[in-house]
């Protein structure tokens, strides 16, 4: 059964051709810098110092991160100060020579107050912002690709700021410069209406490359990597690519035993090259650590296909083993997350425990303790109501007993949900579930599981994920087998 939404059996293009017509409005740039109010001061060596606009903007990036541990790291501070000085006037450079003498406190307090003010905005103010975002989405958030109106994933250019990186990245603290129209390469079809650059600017280049699916690209200044504006994961072309990836992994199921037996036999080969190839295949299959040989074994077979197959088949097996038909919905979701964790461990998708983990667990435990007290009170009230009903033997006291019973049941369910949540959070603190869920697990397995056990799909996939996997939600029935 093919997904009706995507109509993937439309006209097929020659190998490598992605589209015949592509039209869009280009990117939305970060808003220009607005200087700080006069009453927000920057201090150097204890004295107020008025910064130039360029220097002030970069200073605000540091001020916004003042409470973050990044700003205490030597490499972050060193890189920031070096790049900040490049934005200073000659007079500022001669004065500001030591980052430790800079006082960003007033700036930081201003941004905290701004953040708090945004939280306290009126309903009307929030509505105004929502309407502006909807206007931008309507104008820039869609493109036309071969008669299909497709959603664009990231039509807004990232604003300037300070690079963070992972771990102790050697470039952390460096300035991510503002992206201008002159940095931008536009990709669209020749016969489309080419997007206009902002007044007074021009594009770096306009291309008409129908062998790629990106709409806009530019090179960022920190790593020198190319960034792209792409179609939303829910788009037809992305959905088809996803579907094809999981179908290839499914085909591996038919010959995986033969391939594994073959590479084990090849370990004994007299030819060193064959033995080496067999060991490499083992590592690709079993430890995720040859592509021509893989293609000989099965068309479309790559190391990633092995990874996708192993992840998806593991999820399917784990769900069969862990799902208890008698469990309620929260318990079944815990089983699903445990199955997902087994895959994440297989794929080595680890993470450091979140910094707020202990605090959030304490808060959750407080809720559990409070709920236990509430349950004890409810049970006492039920016991009292039953005793009262025995004496009175009237309709009103019977109704009170029923009401108290329902209250106890409701609180028991609430307590169980909290306890399941605590268990799930504890087991998940060092495992990153998102990577495998988005990239390696055939979503049809999860959809089928939800349909079989009556689990709302919203409990497994968030809104963005549901859009990305719309093809699977439409396609998979409860009897789907990977």
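Using N, Cα and C of the backbone, Cβ positions are placed for all residues, glycine too.
Taken straight from TrEMBL:
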ACT_SITE  440  active site, O-(3'-phospho-DNA)-tyrosine intermediate
COILED    112-139  coiled coil
DOMAIN    162-454  domain 'DNA topoisomerase I eukaryotic-type'
REGION    382-402  region 'Disordered'
Close in space but at least six residues away in sequence, with Cβ under 8 Å from that of residue 440 (active site, O-(3'-phospho-DNA)-tyrosine intermediate), the same-chain residues are 307, 308, 311, 312, 343, 347
Report, as numbers and ranges, which residues of the same chain sit near the coiled coil (112-139): CB under 8 Å and 6 or more residues beyond its ends.
25, 28, 155-156
The region 'Disordered' (382-402), counted residue by residue under DSSP: helix, strand, coil
19 helix, 0 strand, 2 coil
Per-residue pLDDT averaged over the coiled coil (112-139), given as an integer:
92
